Every structure is written in structure tokens, then in C-alpha cells.
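Here the structure comes first, spelled out in C-alpha cells, and everything after it is commentary.
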Amino acid sequence: MMLSFLFVTVAVSFISVNGKQCRVQSGNENLILSINKKLLRSLGNKNIAPNPSLYIGLRLSDVHNQKTEQEYLIRLQEDMKEPTVSSALGSDSQRSTGLLALHTLALRASCETANSANMRKQLQQLKHRMHQEKEHISNTNTPQSNYYQYSLGVLALCVQNVKVDPHVIRKLVNEVKKVSEIHSICIDTLSMGGLALQCLRHLDAFYDEHLNKDIASAALKVKETLQKAQDDNGIIGNKFSTLLAVQVLLAMESEHSGCSKSLERLVTESKIGTFYNPMALSMLLPVLKHKTYLDIGTMDCLNETDNILLSAKPAGDIQITENVLVNLKVEDTLNHINPEVFKDTVNIPKGSSLLNVLNALKENEKLTFETENSLWGPYLTVVNKVKALAKDKTYWQLRTLDTVLLEGIADYKVYHDDTIIIRKVRW
Ligand code: B12
């Protein structure tokens with residue numbers, strides 16, 4: 001009896017000591033502060049719709065610039081009042097499930113509680129949307145949006161202790177179990193599912209034993225799949241999906257989670273400037289602060305600091321003098337008769353983005369294209385009048401000769417002799 005007590009004590013302390021290892025090593029405080037400042041500065045762009053993820057990332061930090069965050073919250077609230085969002089393709093559409101969920105999480109991160117009229121309305125809307133999503137899955141086998149957004153919806157309700165419809169949960173559990181078994185999993189989607197499931201584990205009083213068991217085993221499956229996907233350098237999927245995967249490992253922190261190796265890698269990548277897209281920064285800052293989206297539910301906004309000062313923006317890049325040659329091919333693989341849409345070589349200043357390349361061709365009246373604004377930046381939707389739309393489950397894939405780009409048109413920087421292929425494919 002005494003021996004088994006001793007064993008339990010030792011085992012528990014081993015887990016907690018090991019758990020604590022998933023922390024950024026000391027000496028990186030200035031790096032983390034500079035990331036916090038970059039994210040705060042990114043709020044200044046008034047030309048694009050406010051992004052709830054950026055606000056959430058900042059709220060999960062332990063240091064703040066209250067005025068900047070407060071002003072952004074006002075912009076977010078104004079935006080939430082808009083019933084529809086305008087699309088670059090000319091039609092007004094309803095706000096996506098993911099955006100609705102992120103707005104709800106942002107509102108909670110501002111410490112608006114579940115009883116406020118504002119929040120009640122938001123939660124009601126989200127519950128209704130999740131019902132529609134669930135029906136859509138029943139009828140077509142896929143959500144109206146995608147499983148990443150479906151999971152975000154569950155998460156946003158769950159962190160506020162709102163009972164999520166068991167049928168909605170069941171669909172998430174099934175999907176997570178299914179995708180964990182297949183080879184080409186989308187790590188981001190699996191991670192968001194894992195966060196939602198981990199949150200649901202704390203709401204077990206709402207559900208029967210059978211569902212609780214399934215939630216726990218699906219959450220474990222996510223953790224195991226992420227651990228299996230982790231490479232020797234700590235990358236899980238790719239550099240960007242590692243951001244969310246680390247959140248999951250942090251949220252499920254336990255013995256040998258592999259979390260610290262990936263966290264260390266994120267620190268290294270941060271030092272070499274891999275993460276500059278505000279969306280990536282908003283997912284990076286919480287994990288550097290050892291926080292996850294699950295922590296939003298317990299935020300009380302009391303005794304917060306207000307000590308981040310934003311000095312003038314640091315000087316921009318050095319003047320570019322050199323030019324580079326870039327080959328661009330546009331193909332519509334779904335058009336078997338005439339797949340080649342466009343082909344040319346462009347002479348462009350070094351350091352240009354793929355968007356700069358497309359703009360240069362547009363200015364010379366060689367090519368036309370359209371984009372739609374998204375949380376990650378401009379999303380390419382139409383090239384030379386050929387549309388690739390979500391409703392048809394097609395998209396313009398950005399690739400080189402042998403790899404798929406890890407960034408969008410505004411972020412990817414072309415280099416000399418680069419060959420970019422923009423290919424219409426199905427997803
Ligand atoms: C689902 C998804 C897709 C779907 C979107 C279709 C759909 N309706 O489901 C498909 C397969 C088409 C797709 C395409 C691409 N994706 Co994608 N995608 C995602 C995922 C898993 C979820 C997006 C989402 O629903 N967000 C929630 C909602 C609320 O946000 P949203 O901004 O309104 O969502 C829309 C946009 O994000 C847009 N979108 C999707 N991917 C991308 C990528 C970029 C760069 C941009 C600007 C927009 C965009 O589609 C979303 C749905 O309408 C994210 C993962 C993540 N962590 O965000 C990756 C992610 C955003 N995608 C990524 C990438 C790289 C791409 C591609 C550039 C891949 C490629 N080489 O072609 C292309 C975009 C090309 C283009 N035409 O501009 C990266 C972005 C990393 C970065 N640094 O920019 C992510 C983070 C995945 C990853 N870890 O690598 N994607």
C-alpha cells in the first residue's frame with residue numbers, strides 16, 4: 001500500500017516536472033517582446049477588415065498596450081455588426097463559421113461574459129450555425145465551411161462553458177478519428193480539432209459516459225498523431241502548422257509530449273524571421289507565453305499591465321537595385337483541352353513578392369487576376385478570367401517545379417531563375 005502510494009507520488013511529480021519543460025528558455029525575453037510589438041503594430045493597417053485572431057493573440061499575452069488593443073476591439077465590434085461581408089467576386093455573403101467563432105473568442109478575450117446581451121446574441125448565432133454545419137455534414141458528408149472552422153466553432157462555444165449539441169460533437173469525433181488514420185493529414189485541421197476536444201474534456205458533466213469516453217480517446221488520437229508527425233527538428237507538418245500543433249501539445253501537456261522540441265524550433269524560426277505574417281504572429285505569441293486558446297475561457301482581465309510602448313516603426317528594407325528573372329506558368333489542370341492559361345518570364349526587382357510579379361504583368365496588360373481578402377492576406381481567386389472557387393472545391397495552387405509553396409502570393413518572395421506554377425486543382 002505504502003509502496004503504491006510512493007509510486008503514484010513519484011509518477012505525478014515526474015509528469016509535472018516534465019510538463020514544465022515545455023517553456024521557452026530564459027534569455028528570449030527581448031525576442032518575445034519584439035514579436036508582441038510587431039503584432040501590435042500590425043493592428044494599424046486600416047485598409048483591411050479587423051482580424052479577430054490578432055486581437056486574441058495579443059490578449060493571451062501578459063504584457064499589453066491597452067489603448068491600441070481597446071481601439072482594435074471597437075473596430076472588431078463595429079465589424080461584427082455588419083450582417084454580411086463583401087466578397088471580391090461581387091456578391092455579399094454571410095460571415096463564415098470560422099470568422100463567427102473567432103469573433104466570439106475575441107469578445108470573450110475582451111472579458112465580455114456569457115451573460116452580456118452582446119455575447120448571448122453571438123453565442124446564439126454560433127450555436128445556430130453549428131446546427132446548420134452539422135446538417136450539412138449529414139446531407140453531404142462535408143461541412144459548409146471546413147473541419148478547421150467546424151472545430152473553431154465547437155471551441156468557441158466550449159471555452160465559454162456552453163453545452164455543445166452532442167450530435168455536433170459526434171461529427172467532430174468521427175472526423176478526427178478518420179483523418180488520424182490517413183497519411184496526408186492536414187495538421188492545422190487536426191490541431192484545431194484537438195483543441196476543441198481537449199476543451200470538451202472539461203465539460204464532461206454535460207455528456208453521457210459513452211460520449212465522454214469517445215471525446216477523450218479522439219483527443220488522445222490527435223496527440224499521438226501530432227507526435228508521430230513531428231520530425232527530428234521539431235516540425236509538425238510544416239513551420240506554420242507547428243504553431244497550432246504546439247498549442248495542442250501545451251494544452252495536453254504530459255510526459256514526453258515532444259512539445260519542448262517543437263517550441264524550441266519555433267524560437268529558432270522566430271530568430272531568423274520566418275514569421276512575419278500577422279496571422280502567424282498571432283498564433284506564435286500565445287505559445288511563446290505558454291498559453292493556448294483554451295486559456296481564453298478563464299481570462300478575467302484584472303490587474304493587467306499597460307507597459308508596451310510602441311516607438312516609431314523601424315526603418316524599412318534597404319533600397320533594392322538588382323533585378324531577378326522569374327518564370328511564371330498558369331495552368332488549369334481541370335481543363336483537359338487547353339490547360340495552359342498563361343506563360344511568361346518577368347524581370348522584377350530582387351525581394352519582390354509573387355503578388356508584385358502578378359501586378360507587374362497586370363500593369364503591362366499581359367495578365368488579369370483577382371484576389372479576395374482573408375485573415376492570411378490576399379487569396380488568389382481568378383486568373384485571366386478563370387475562376388477557382390471554394391463552392392466548386394477548386395483553388396489556385398501555388399507551386400514551384402517540385403514543391404507546393406508554404407506562403408500566399410503576398411508573402412512568398414521570388415528569387416532569380418525561380419519558376420512559379422499557378423495551377424487550378426481540386427481539393
Ligand atoms: C482550409 C485551408 C485551405 C483551403 C481553403 C478552402 C476552403 N474553403 O476550405 C485550400 C485547400 C483551398 C487552401 C489553399 C491554400 N492554402 Co490553406 N489553409 C487552410 C486552413 C487549414 C484553414 C483556413 C480556414 O478556414 N481558416 C479559418 C477562417 C475563419 O479564416 P479565413 O482567413 O476566412 O479562411 C479563408 C482563407 O484563409 C483562405 N485561405 C486558405 N488558405 C490560405 C492561404 C493563404 C496564404 C491565404 C492568403 C488565404 C488562405 O481560405 C479560407 C476559407 O475560405 C489553414 C490553416 C490555418 N492555420 O489557418 C491553411 C493555411 C492558411 N493555408 C496555407 C497555404 C500555404 C495555402 C496555399 C497558399 C497553398 C498553396 N501553395 O497553394 C493555398 C492558397 C493559394 C491561393 N489561391 O491564394 C497556409 C498559410 C501559411 C502562410 N504562411 O501563409 C496555412 C496556415 C496552412 C499551413 N500550415 O501551411 N487552404
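Every residue, even glycine, has its Cβ placed from backbone N, Cα and C.
Annotated features in TrEMBL:
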{"type": "BINDING", "residues": "SER145, ASN146, TYR147, TYR148, GLN149, ASP188, ASN238, TYR379, LEU380, TRP396, GLN397, LEU398, LEU405, TRP427", "note": "cyanocob(III)alamin binding site"}
{"type": "DISULFID", "residues": "CYS22-CYS259", "note": "disulfide bond"}
{"type": "DISULFID", "residues": "CYS158-CYS199", "note": "disulfide bond"}
{"type": "DOMAIN", "residues": "351-422", "note": "domain 'Transcobalamin-like C-terminal'"}
{"type": "SIGNAL", "residues": "1-19", "note": "signal peptide"}
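Shown here: features listed in TrEMBL, placed on the structure.
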{"residue": "CYS22", "record": "disulfide bond", "DSSP (3 states)": "coil"}
{"residue": "SER145", "record": "cyanocob(III)alamin binding site", "DSSP (3 states)": "coil"}
{"residue": "CYS158", "record": "disulfide bond", "DSSP (3 states)": "helix"}
{"residue": "CYS199", "record": "disulfide bond", "DSSP (3 states)": "helix"}
{"residue": "CYS259", "record": "disulfide bond", "DSSP (3 states)": "helix"}
{"residue": "LEU380", "record": "cyanocob(III)alamin binding site", "DSSP (3 states)": "strand"}
{"residue": "GLN397", "record": "cyanocob(III)alamin binding site", "DSSP (3 states)": "strand"}
{"residue": "LEU405", "record": "cyanocob(III)alamin binding site", "DSSP (3 states)": "coil"}
Distance-selected recorded positions near ligand 1 (C-beta under 6 Å), from CYS22, CYS158, ASN238, LEU380, GLN397, LEU405: ASN238, LEU380, GLN397, LEU405
By Cα-Cα distance, the member of disulfide-bonded residues CYS22, CYS158, CYS199, CYS259 nearest SER145 (cyanocob(III)alamin binding site): CYS158
C-alpha spacing of CYS199 (disulfide bond) relative to GLN397 (cyanocob(III)alamin binding site), in angstrom: 33
Intrachain C-beta neighbours of CYS259 (disulfide bond), sequence separation six or more, cut-off 8 angstroms: GLN21, CYS22, VAL246, LEU249, LEU250, GLU253
Integer average pLDDT (0 to 100) for the domain 'Transcobalamin-like C-terminal' (351-422): 97
Helix, strand and coil totals (DSSP H, G, I; E, B; other) for the domain 'Transcobalamin-like C-terminal' (351-422): 13 helix, 29 strand, 30 coil
Cα-to-Cα gap, LEU380 (cyanocob(III)alamin binding site) vs CYS199 (disulfide bond), nearest whole Å: 34
Cα-to-Cα gap, TYR147 (cyanocob(III)alamin binding site) vs CYS158 (disulfide bond), nearest whole Å: 16
